[in-house]
Each structure stands twice: as C-alpha cells, then as structure tokens.
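**Q** Can you read through this structure? Questions will come right after.
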Amino acid sequence: MAVDITLLFRASVKTVKTRNKALGVAVGGGVDGSRDELFRRSPRPKGDFSSRAREVISHIGKLRDFLLEHRKDYINAYSHTMSEYGRMTDTERDQIDQDAQIFMRTCSEAIQQLRTEAHKEIHSQQVKEHRTAVLDFIEDYLKRVCKLYSEQRAIRVKRVVDKKRLSKLEPEPNTKTRESTSSEKVSRSPSKDSEENPATEERPEKILAETQPELGTWGDGKGEDELSPEEIQMFEQENQRLIGEMNSLFDEVRQIEGRVVEISRLQEIFTEKVLQQEAEIDSIHQLVVGATENIKEGNEDIREAIKNNAGFRVWILFFLVMCSFSLLFLDWYDS
C-alpha cells in the first residue's frame, strides 16, 4: 500500500533551500566581486527547455505507472466474473486504449516541438549536444512505454480470443431446460392436488384415470433410457463431428494467436519507424530552412556585386571619355 510522504518531501525541500541560501550568503560575502557575480549568474541556464522536458518525462512516467497499476484488470478478460474488486468493463478497456494512444501521440509531438525549438535557438555546441541527448533519452523512454502498452494490448486481444473460443465450445442448454421443465411439472403436481382437493373429492375416479397414464409414460421413459445400436452409432458420429469441429477451432485459434503476436510486433516496428521518420522530417526541415537562409544571403551578395559592377562601369566610361577629350585637345593644340 502506498504511503503519503508529501510532508516529508516538503520538509526536505525546505531544508535544501535553507542550505543553498546559507551557501549563497557565504559566497557572496567574499572579497572578489567577479566571483560573486559569477555565482549570481549561474542559475540563468535553467530555462523553459528544462521545465518542459521534465514535464514530458513526468507525463510519460504517469502513463507507465497507470498501465502497470491497471495491468491485471486490463489483461484479465474474466475480471468481471471473478471478483467485485478491480472490476473493469470492455468499454473502460477501450477507453484506456484510446486515451493511451492520444497521450503517446501528444508526448511524441511535444518531443518533436522541443527538438525543433532546440535547433532554432542559438546556443553553444555543448548546450546543443546536451539537449539532443536529453531528447534522445525522452524519446527512448517513450518507446519503452509504447512497447509496454503494445504487449499489454496483445495479451488482452489473445485472452479475448480465448474467451470467445471457450464460449463457442459450451454445450447447448436444451437437455438442461427439458430436465428442469419436467422437474417443475412433477413439483407442481402435488401443489395443484393440494389446491384442488375439494374438487378431487367429488371426482376421484376421473383423477385416477388421469394419473394412471402419467405413471405409464413415466415408466416408459425409464425403459427408453436403454439406447438402440442405431442411436449409439448416430451419437458416435455426432461425437466425431464435434471433435473435428473442435480441432478445427483449435487450429483457427492458434493461427489467430500467431497473427495477433505478429500484429503487435509490426505495430512496435511501425511506431519506431514513425518516430524515426518524424526525426528525419525534422532534420530535413532544418536543412531546408538553412538552405533558404543561404539562398537569401547569396541573393544579397549578387545584388551587391551588381551594384559594384555598375559603379565600376561608370568609372571606366568616365575614364575613356576623359582620355578621348584629352587626345582631341592635344590634337587641336598641336595643329
């Protein structure tokens, strides 16, 4: 049984805060001002990324704890008939499947969003590597929780198939109903006789005439318990047919079990490939953004080169015109 340790946790947090505050005062009382400023600025890297990453890890951990807590009731197809505690209906199991899939999809989108923002922000190489490692760890944690959910779902589907197979193999209740109706008739006859006692006193001969055929049929029924050879052969053929049907059902169940296991394995592979494709799409997006920025810079350089080339042409034309005028002036002066 879980124990509430909230008060102990709060006391521990308060003790740690007091100790850190005391250490901060001791460091701040030093002579070196630059050292004091360094210690003051040290908590600055704790930003939005760390809090959001911790939040995603907390959500994934809650999902894992929830799946493990309700594992027995979730995978047990007979929990609603075995005990009143831990009862879970198929509707609740379907709701758990739907909520878990939505939750895992949301966590995956949050991880990809954190990865995109980490690539966009300008940080040192060490910070980028640290954030990439943190996101890889969170993604691996999510994959393990997805694998746990896939295994539980495969076990549940397998047990549901077994339950349906067993329900198909239950005997038909025709003989039981016939026996119950005959016993009810026999039990009701004394009560009717007791209720209709005044009428029977008036007509005893008629009642005896009615009861004698009933006793005769009862004795005939006892004699009919012995089966003839034709009936025995017919029942043996029916038994052989039922055995063949059960064997075919067992074979079908084994095939379905193999297919369910294969589907769960393919689902795990599909989930892993989808996460890999999301990471590749994100990296392609980053490359496209970088290529777009490079194209913009190249266009700016081309514009600057065109402007510089135009100015250079103007100076060349000016030089040629001045040279022409100088030659004309010298020719006129010489003549």
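Residue numbering: from 1, along the chain as shown.
For all residues, glycine too, the Cβ spot is worked out from N, Cα and C.
Here's the feature list from Swiss-Prot:
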COMPBIAS  168-208  compositional bias 'Basic and acidic residues'
DOMAIN    243-305  domain 't-SNARE coiled-coil homology'
REGION    168-226  region 'Disordered'
TOPO_DOM  1-309  topological domain 'Cytoplasmic'
TOPO_DOM  331-335  topological domain 'Vesicular'
TRANSMEM  310-330  transmembrane segment
**Q** Going by DSSP assignments with H, G and I as helix and E and B as strand, what are the residue counts for the domain 't-SNARE coiled-coil homology' (243-305)?
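**A** Counting residues per DSSP class in the domain 't-SNARE coiled-coil homology' (243-305), I get 63 helix, 0 strand, 0 coil.
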**Q** Compute the average pLDDT of the predicted model within the topological domain 'Cytoplasmic' (1-309).
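**A** The answer is 73, the mean pLDDT of the model over that range.
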**Q** With Cβ-Cβ distances below 8 Å as the criterion, list the same-chain residues six or more beyond the ends of the topological domain 'Vesicular' (331-335) that contact it, or say none.
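**A** For the topological domain 'Vesicular' (331-335), there are no sequence-distant neighbours (Cβ-Cβ under 8 Å, at least 6 residues beyond its ends): none.
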